[in-house]
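> Once you've had a glance at the structure underneath, I'll fire off some questions.
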Amino acid sequence: MADPRPDPDELARRAAQVIADRTGIGEHDVAVVLGSGWLPAVAALGSPTTVLPQAELPGFVPPTAAGHAGELLSVPIGAHRVLVLAGRIHAYEGHDLRYVVHPVRAARAAGAQIMVLTNAAGGLRADLQVGQPVLISDHLNLTARSPLVGGEFVDLTDAYSPRLRELARQSDPQLAEGVYAGLPGPHYETPAEIRMLQTLGADLVGMSTVHETIAARAAGAEVLGVSLVTNLAAGITGEPLSHAEVLAAGAASATRMGALLADVIARF
């Protein structure tokens, strides 16, 4: 039986056309996805020329997690026209992965050759501190799922662009790097699971980004991943974890994170 759902690429093209029509911009060359806790950083990126509810775009599903606005902004940064996705949906909200990665595919269809994927993450390394931005050097997809269907054998050797990471370090030479472990959520990890992740080589842990990275690379875009350490992972401090803690850490770091993103994007 034929799949009655729209073709993902066609749906992305439809969304891209609406974005172009509503913003008056034929192509946006950079896209930014703001993760949990990153929403307050929007103000530091610059003034948007257009703000669209994501629910008005073909294929987009409004996010339900706290700290995700569900808006798409068109923002000029330096010589670039940037699509800012203020909020993302997660697989743990019950969505098929084709909808989770649809915003990235739509941004690519709208012209974005660079995807800046941000997230909130738990820190697993002793040298990582709450409020610290960390460049993602690689990831562990521990969700047991892929957004790709069929014979799409995408090379992920440099899933997170070394070129873009070097540009980010030109903006802030103190930026650390780490391996991000993507888990399904929505529950936080147990201390035993954190010890397992450390053994596997993870430095950061969260519930997003890995599927978007795979979809972006499959579409031919470069990816820069940036985690904001919003808490130390389970068992490290002995304190319980909460989403409120994540949002508070993001709010406290908002100006710095927004300024960092704006400066890095201007260097692209």
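A Cβ is built for glycine as well, from the same backbone N, Cα and C atoms used for every other residue.
Okay, so Swiss-Prot annotates it like this:
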BINDING   Ser36, His68, Arg88, Ile89, His90, Ala120, Ser208  phosphate binding site
BINDING   Glu189, Asn231  purine D-ribonucleoside binding site
> Counting only other Cβ atoms and using a 10 Å cut-off, which of the binding-site residues Arg88, His90 scores lowest?
His90
> With every protein chain in view, what's the tally of Cβ atoms within 10 Å of the Cβ of Ile89 (phosphate binding site), excluding that atom itself?
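Result for Ile89 (phosphate binding site): 23 neighbouring Cβ atoms inside 10 Å.
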> Quick one: give me the count of other CB atoms within 10 A of the CB of Asn231 (purine D-ribonucleoside binding site).
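A 10 Å sphere around the Cβ of Asn231 (purine D-ribonucleoside binding site) contains 23 other Cβ atoms.
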> In whole Å, how far does the CA atom of Glu189 (purine D-ribonucleoside binding site) lie from that of Ser208 (phosphate binding site)?
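Given the Cα positions, Glu189 (purine D-ribonucleoside binding site) is 14 Å from Ser208 (phosphate binding site).
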> Can you tell me the CA-to-CA distance separating Ser208 (phosphate binding site) and Asn231 (purine D-ribonucleoside binding site), as a whole number of Å?
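Per the Cα atoms, Ser208 (phosphate binding site) and Asn231 (purine D-ribonucleoside binding site) stand 16 Å apart.
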> Roughly how many angstrom lie between the C-alpha atoms of Ala120 (phosphate binding site) and Asn231 (purine D-ribonucleoside binding site)?
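So the alpha carbons of Ala120 (phosphate binding site) and Asn231 (purine D-ribonucleoside binding site) sit roughly 9 Å from each other.
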> Under DSSP, is Ala120 (phosphate binding site) part of a helix or a strand, or is it coil?
strand
> How big is the gap, in Å, between the Cα of Ile89 (phosphate binding site) and that of Asn231 (purine D-ribonucleoside binding site), rounded to a whole number?
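Cα-Cα, rounded: 21 Å.
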> Three-state secondary structure of Asn231 (purine D-ribonucleoside binding site) from DSSP?
strand
